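Listed features, source TrEMBL:
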- Arg321, Asp370, Phe371, His372, Ala373, Gly374, Gly375, Glu376, Thr377, Thr444, Lys445: ATP binding site (BINDING)
- 551-589: coiled coil (COILED)
- 42-53: compositional bias 'Low complexity' (COMPBIAS)
- 163-192: compositional bias 'Polar residues' (COMPBIAS)
- 292-554: domain 'Protein kinase' (DOMAIN)
- 40-64: region 'Disordered' (REGION)
- 79-107: region 'Disordered' (REGION)
- 125-192: region 'Disordered' (REGION)
- 590-687: region 'Knob domain' (REGION)
Amino acid sequence: MDGGALTDTSLTDSYFSTSFIGVNGFGSPVETKYPLMQRMTNSSSSPSLLNDSAKPYSGHDPLTSPASSLFNDFGALNISQRRKTPNPTASEFIPKGGSSSRLSNVSQSNMSAFSQVFSHPSMGSPATAGLAPGMSLSAGSSPLHSPKITPHTSPAPRRRSHTPNPASYMVPSSASTSVNNPVSQTPSSGQVIQKETVGGTTYFYTDTTPAPLTGMVFPNYHIYPPTAPHVAYMQPKANAPSFFMADELRQELINRHLITMAQIDQADMPAVPTEVDSYHSLFPLEPLPPPNRIQKSSNFGYITSCYKAVNSKDDLPYCLRRIHGFRLVNTKCMVLVDMWKKIQHSNIVTLREVFTTKAFAEPSLVFAYDFHAGGETMMSRHFNDPNADAYFTKRKWGQHDGPLPRQHAGLLPESLIWAYIVQLSSALRTIHTAGLACRVMDPTKILITGKTRLRVNCVGVFDVLTFDNSQNNNPLALMAQYQQADLISLGKVVLALACNSLAGIQRENLQKAMELVTINYSSDLKNLILYLLTDQNRMRSVNDIMPMIGARFYTQLDAAQMRNDVIEEDLAKEVQNGRLFRLLAKLGTINERPEFQKDPTWSETGDRYLLKLFRDHLFHQVTEAGAPWIDLSHIISCLNKLDAGVPEKISLISRDEKSVLVVTYSDLKRCFENTFQELIAAANGQL
């Protein structure tokens, strides 16, 4: 769980570390008869709060028995998670159970890549999965070929959340046995015909889970492993949390959520309509212009405003860029809009649609873009310091009246500038390849999300606003000239970043700005700026600057992948939160219930009494001195054992300390499931 309700002083990383040491369950002994991850197969079969179909914990069946819960659970992984028709021409297609059977996502999707390393009966050979006499359905084919849509209770959807068997990826080829006669094959050879009836429909599928090697032991329930070494040695910040998401990332995500869900008081802003076309819940993203404003935007030549809105068709947030007082005369410019809508790039804010409206009490043109919460313009991030222009307005260039500014002393690091260059050039390359021109390469139209992620905003606006009727026959006639202008605009943006001032791109300051770049940055950056800003005798391409970027491209790629590793590591710390929250939510609906079916003592008797004592065991323990004993690792460990239903015994003491009940976690899980199902049955009967 998040653990936000507990104070940092009482819950430190070292305080929890003692319970996260042992790989076999927080340091507790593990039964030798449960060597595989039965915890994972049982817990993952509880996909929702209202539909808990977890199987009872059973570890006494032999691992080679067809009735083993391991084979029942892991064998389900051979059923495809998606309904797609097999492609016989695909390199990864391996026939199985006839031509109509679906591909197995787990053991066959990456056949060509892993067949030489990991091989078992379901990989490396096109062995036909035969059926016993009377069994005419192939593995996984019955849900696909049913006359109606597969019910939500069929085996395939219920197995989608199961954790893959680690043994499937660790069995060497020597442990595999070729399958020559699947019908007569014994269960010990690794292929078993399974049968399951759900809602009157019988499903047959082939269990190809290989038997584990001797000595392979996995934890019986979920635990959090230590941080991966490639992330641990990235020099994280001091006092960074070890078991929870980083505070910086958490705060950034919370801020994005707040901005996405922000709304306005309609009484305070009557000028904002409640609905515009199919969009509602408009929220201004920038100060609204006054009603009597005459000054127009310096970029588009029209008064503009920007809103966040929710589309009623898909309930997703979008950014609406409104052009005030614009009348669309020629609709042939929509050809260019359709071309923009097809561009999907990580450094471009995608244009979704363009429409006209009179919802603002005047004719307006609205551009709908993807909404990126928390984004700020490059202008506000890097060019909001009025003192930055002092280099060009106060300094007497050519006179040695003081030291020249050094890099990192008011100037941006060169690595950051190259990161921006790589992203902006990548966006231009995609736009130019599509036969379009950006035309908005300006610091006020470049969004920055996070630390260094760039996105070019407001694409396609100029193509509509400046569309000339003379271009009716060929709206792309001037795109080549606009693309050359994009390169000049890119050079100005890079020069402004290198000078950390917009004054550096003014014509009278270009020589001073290039001198500043020459002193503080590398020759490659200077040559790139000169190439972009200097007129050439030939048509230039954005691909021409790739040799100037050189190996720095790999540096940015490496930085992006390292950032991805850090985020994935933070995600791994939260992977069990949903499962543990469902357990606590179910316990909360049972414990201390005032009345159920006119029985005020329902929660204090029978199975519910055991769950009440277990709740006290979780949260209400005290030390020998009577002080509250708060240990998050104890709570997580006990909840994991309850979810798995392990046979470990636990002592539950009544509040008056006159009764001591010794039960197993499997008994508690049975009481827990039966009681919650009783509540669900009563709730469904009242609806």
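Any Cβ shown, glycine's included, is placed from N, Cα and C.
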Packing count at Phe371 (ATP binding site) (other Cβ atoms within 10 Å of its Cβ):
19
Could you count the residues of the region 'Knob domain' (590-687) that DSSP puts in helix, in strand and in coil?
53 helix, 14 strand, 31 coil
Please give the greatest C-alpha separation between any two of the ATP-binding residues Arg321, Asp370, Phe371, His372, Ala373, Gly374, Gly375, Glu376, Thr377, Thr444, Lys445, in angstrom, as a whole number.
17
Who sits close to Arg321 (ATP binding site): which same-chain residues at least 6 apart have their Cβ under 8 Å from its Cβ?
Thr304, Ser305, Cys306, Val366, Phe367, Tyr369, Cys458, Val461
Have a look around Lys445 (ATP binding site) and count the other CB atoms within 10 A of its CB, chains all included.
21
